[in-house]
Structures are given as C-alpha cells and as structure tokens.
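Just lifted these from Swiss-Prot, have a look:
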BINDING   THR73, PRO74, ALA75, GLY76, GLU77, GLY78, LYS79, SER80  ATP binding site
Amino acid sequence: MSDNNVMSDLEIAQRATMRPIGDIAAAAGINADAVELYGRYKAKIDPAKLIDPAGAPKRLPGKVVLVSAMSPTPAGEGKSTTTVGLADSLARAGRNVMIALREPSLGPVLGMKGGATGGGYSQVLPMEEINLHFTGDFHAITSANNALMALVDNHIFQGNELNIDPRRMTFKRVLDMNDRSLREVIIGLGGPAQGVPRQDGFDITVASEIMAVFCLATDIADLRARLGRITFGYTYDREPVTVADLGVQGALTMLLRDAIKPNLVQTIAGTPALVHGGPFANIAHGCNSLIATQTARRLADIVVTEAGFGADLGAEKFMDIKARVAGVAPSAVVLVATVRALKMHGGVAKDRLQEPNVEALAAGSANLRRHIRNVEKFGITPVVAVNKFATDTPEELDWLLEWCAGEGVQAAVADVWGRGGGGDGGDELAAKVLAALEAPHSFRHLYPLELSVEDKIRTIVQEMYGADGVDFSVPALKRLAEIEKNGWAGMPVCMAKTQYSFSDDATRLGAPKGFTVHVRDLIPKTGAGFIVALTGAVMTMPGLPKVPAALRMDVDDTGKPLGLF
C-alpha cells in the first residue's frame with residue numbers, strides 16, 4: 001500500500017474477487033460451445049459459434065457509446081477508467097451492457113503508462129495478465145508481420161522472381177516494445193550467404209498494418225483478403241507488390257486464426273468486457289477490433305467502447321475509418337475531461353497541476369471547447385465526463401460543470417476510480433448517457449471518400465485541428481502521385497500526429513491558431529484500407545522515457561507482479 005494509505009490500481013485488482021469466466025460468459029448470453037477457456041478468468045469467443053437462445057426474439061444490434069477525451073496530459077485522462085466505470089454504472093441501472101476495449105501494448109506498460117486496464121475500482125481483470133502477455137494476440141500479430149518480411153527477404157535472396165526493389169520497401173519488422181535503437185537498421189550483412197543487404201527498421205507492433213487489418217476485418221475470410229491486399233514494397237519498375245503476389249496470405253491468416261477471436265474478461269463489478277486488438281491512435285487508427293465491437297453489439301443492448309487519445313485522433317478515426325467499414329457509428333459520445341488537463345492547457349506547469357487554480361481552468365477550456373465542437377461536426381452532441389481526481393476542489397468542479405452548461409452540453413462528475421466497481425460514482429454520468437442515447441442525432445462523416453487525398457487531409461487539419469492549412473514535403477508530394485497512379489485515392493486518411501496538441505508540435509497546448517500542419521510522408525495501407533499521413537516528428541517506433549515504469553516493477557517470492565501501477 002502506498003504511503004498515503006491509498007491502494008494502487010494493482011493492489012485493488014489483486015484484492016478483487018473474480019468470477020469464473022464461464023459464469024461471466026453464460027450471464028452475457030454466450031453459449032458454451034463458443035467459449036474457449038484460457039485459464040480460469042480469460043476466454044476467447046468464437047463469433048462463428050455464437051447462437052441465439054432458443055425461442056428468443058431477434059434483437060437489434062446494441063447501441064454504441066464512444067468514449068473519447070480532450071487533449072491529454074502524458075499520464076492520460078482516464079478514458080479506460082471512465083469507460084469501465086460508465087459500463088458498470090449502466091449495468092447497475094439494470095441495462096444489458098458490454099465493454100469493448102483495446103489490449104495494452106507492452107512497450108508503454110514498461111515505459112510510461114505502467115498499465116492500461118482502467119484504474120481504481122473501475123478496472124478490467126485479471127489486470128496483470130491483460131497488461132502483460134494476455135492470450136498472446138500481440139505475439140501472433142508480431143509473428144505474422146515478421147514472417148511476412150522473412151518471406152519477402154527470402155524471395156529476394158532466392159532469385160527475386162517478382163523483381164522486388166529492396167530500396168523501395170514500405171513494410172518493416174515490428175516488436176511490441178518501445179526501442180528507439182531499432183528505428184533504422186541494416187540487415188543482410190555478413191556476406192552472400194546472409195541475404196541481400198538493405199536498409200530496414202522496426203515499428204512497434206501496434207503500428208503494424210497487420211494490427212490495423214486485424215482490427216478492421218469483419219471475419220476470418222475478410223482478414224485473409226485484407227492480408228492479401230497489403231502492399232509491402234515496389235518493383236524496379238515502381239509497380240506495387242502485394243502479399244497476394246507473394247502468395248503467403250494463407251500462411252499469415254493461419255498464424256492469426258486463434259488471435260482473431262475476441263478475448264472475454266470482466267470488470268471488478270462483473271461486467272463482461274471484450275478486450276481485443278490495440279492500434280495506437282497517434283500512429284494508427286486507435287480502435288479495438290471490429291469483430292469484438294460487432295460481437296458485443298450482438299450480445300448487449302449497449303456497447304461502451306473507446307478510441308485512443310483525444311477526439312481529434314481516436315474519435316475522428318472511429319468515425320471516418322472504423323464506422324465506414326461496418327455500421328458501428330456511435331449513438332452517443334462521451335468526452336472525458338479532467339481538471340488537471342485543463343490546467344495544463346491553461347499554462348500551468350506539470351509540477352503544479354495539483355494546486356487549485358480556477359483561472360487556469362478558464363484559460364484551458366478552449367481545448368475542451370474545440371473537442372466539443374469537433375464531435376458536433378459528426379452530428380452528435382457529446383456528454384462531458386469530468387473524471388474526478390483526489391486533488392480536484394469543489395470550486396474547480398463546480399466551475400467546470402457550469403462552463404459545460406454554458407457551452408450547451410450535458411456534463412457530470414465521474415468518481416469511478418474511488419466509487420466504481422458497482423458503486424454510485426458513475427450513476428449521474430450513466431443517466432446522462434442514457435438520455436443521450438434516446439436523443440435524436442444524425443451521424444455523418446467528416447468528409448466524403450470522393451475528395452482527393454490532399455483535400456481529405458486539408459479537411460481534417462482545418463476542421464478538427466483548427467489549422468490554417470497543410471504543407472506537403474517533396475517526398476509526400478511524390479507519394480501522392482503514386483497513390484493517384486495506383487488507384488488508392490478513394491481510401492480514408494489516418495493522420496499520424498502528436499496526441500498532446502491540436503497542431504503537429506507537442507508543445508503548442510490549448511487551442512492554438514495560426515499554424516500549418518506539415519505532412520512529411522504518406523503511406524498507403526492497402527490492406528487496412530487507409531492512407532497514413534505522417535506529420536511533425538511523430539514516430540512509429542517510440543522510445544522509452546528516462547525513468548521507465550519498468551524500474552518500479554518486480555515480482556514477490558510467489559511470482560506475484562509488483563509495481564504495475
């Protein structure tokens with residue numbers, strides 16, 4: 001227990017009583033034939049084996065509640081905590097609810113975050129296993145990615161029948177770890193028997209196109225088709241080369257055949273949760289797997305899900321990428337805001353965020369206002385969830401609620417860290433979300449797919465970020481020409497941008513104006529079905545911080561994890 005006698009997330013999770021996952025599945029209406037046990041408290045669900053109870057009336061798919069946030073502090077603002085707490089409160093109100101979340105990436109767990117399963121009494125369990133290797137999905141995705149690149153390099157070594165140009169590879173090997181030293185490497189050294197030397201590099205697994213394909217596939221057949229469409233490089237004639245050209249989409253699908261099934265776990269309060277897939281929202285599309293979301297909608301009346309980082313990133317990608325693939329457009333959106341994030345955007349230094357400062361709240365409110373207006377552009381008025389921290393004062397919370405009312409949006413303080421787990425800390429938020437679910441709305445995408453790639457990017461940076469315009473580098477302009485030539489311009493755009501600012505400069509907080517977003521490169525993800533626009537200095541292989549969270553982690557003499565926050 002910590003020095004202030006407040007239990008850590010890990011201590012709370014380890015003291016919680018879990019129900020056997022078979023009981024959770026049965027209570028959620030999942031037939032036993034569809035449940036594949038991974039120990040006592042985890043299971044995979046095979047959607048192909050799900051059956052409706054005999055004699056039960058055909059039910060409509062569940063409504064989606066999307067949880068997003070204002071621009072975060074480095075520690076995050078508690079989207080997962082709020083997602084879990086909200087779902088528990090909806091279940092407490094008698095609603096048939098299920099959660100759909102992303103799986104944590106090991107790199108950030110050992111780096112900055114220390115864990116990513118919610119917090120306090122609003123967590124998904126078993127916390128340690130989910131945060132570490134879970135059911136092995138990320139291992140399978142990493143293996144499929146690296147198998148592809150081993151097969152590509154072997155093809156080049158064995159005679160290169162496809163005429164692949166090693167200088168024009170667009171696909172990298174991956175590792176589920178933050179490791180800056182692997183961003184740029186040279187492979188194939190050591191003589192003729194060791195392969196063809198070429199420049200290469202590693203991305204983090206969550207940035208892999210196979211992760212994106214995994215999370216956007218509708219079933220295993222669609223997964224196989226999407227894998228086949230992946231472009232991994234170009235020929236010497238500058239023609240794209242795909243996985244199908246190499247003929248290994250079947251082998252990659254085989255490596256993912258178990259991983260593609262969603263993982264079932266539970267919250268501290270016993271609410272069922274599907275935790276599956278995990279692309280980052282700053283360098284990928286930031287949403288859990290579509291299969292998990294659709295499975296949850298089949299089983300529950302309300303599905304509470306989240307999209308990574310702020311609404312300018314994860315929520316925009318949910319609306320413009322994920323919701324285009326299948327009918328998962330949200331019926332309600334929750335924007336998580338915190339007093340500390342508003343203060344940071346109001347100019348307060350990180351080491352003084354715990355000090356009361358209503359004036360800084362007012363100065364930082366422009367950031368939250370822009371996120372509110374952004375969500376409204378999709379035809380939905382958000383509900384603001386004020387995620388309460390122990391250092392928040394009543395005056396600060398009252399000011400923020402009054403400010404939200406002045407902006408014309410419903411808001412509620414969510415005390416789900418300390419009063420979650422089936423407690424009443426999220427009851428007011430749940431009531432406002434239920435009202436929002438019944439309110440009329442008219443969902444719309446931010447842009448039509450018929451727009452040019454330049455105009456799609458311009459629309460996003462002007463409408464979502466508040467930028468004056470966009471500047472394309474010379475390499476990006478060359479890539480635009482390739483995209484047009486190859487018939488890929490009809491795909492949506494996935495912006496890769498810092499999560500800390502509306503701009504591509506992480507230091508410009510609040511709601512900056514008078515800036516230009518700089519696109520340094522464009523990467524067509526033809527399997528996933530979107531074009532990644534790399535902006536600013538955002539990296540697809542992060543580095544570890546100066547003091548990694550791993551330094552606080554250990555196990556006791558029984559092997560029980562310590563220090564996972």
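Placed from the backbone N, Cα and C atoms, the Cβ positions cover glycine too.
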Same chain only, sequence gap of 6 or more: which residues have a CB within under 8 Å of the CB of GLU77 (ATP binding site)?
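Listed in sequence order: ALA69, MET70, VAL336, ALA337, THR338, ALA341, ASN387.
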Helix, strand or coil by DSSP: which one applies to LYS79 (ATP binding site)?
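SS state of LYS79 (ATP binding site) = helix.
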For the recorded ATP site formed by THR73, PRO74, ALA75, GLY76, GLU77, GLY78, LYS79, SER80, which further same-chain residues have Cβ atoms within 8 Å of the site's Cβ center?
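Near the ATP site, beyond THR73, PRO74, ALA75, GLY76, GLU77, GLY78, LYS79, SER80, sit ALA69, PRO72, THR338, ALA341.
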Determine the most Cβ-crowded residue among the binding-site residues THR73, SER80, using a 10 Å radius around each Cβ and all protein chains in the structure.
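Counting every other Cβ within 10 Å of each candidate, the maximum falls on SER80.
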Across all protein chains in the structure, which of the binding-site residues PRO74, GLY76, GLY78 has the highest Cβ count within 10 Å?
GLY78
Minimum Cβ neighbour count within 10 Å among the binding-site residues ALA75, LYS79: which residue?
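Lowest Cβ count within 10 Å among the binding-site residues (ALA75, LYS79) is ALA75.
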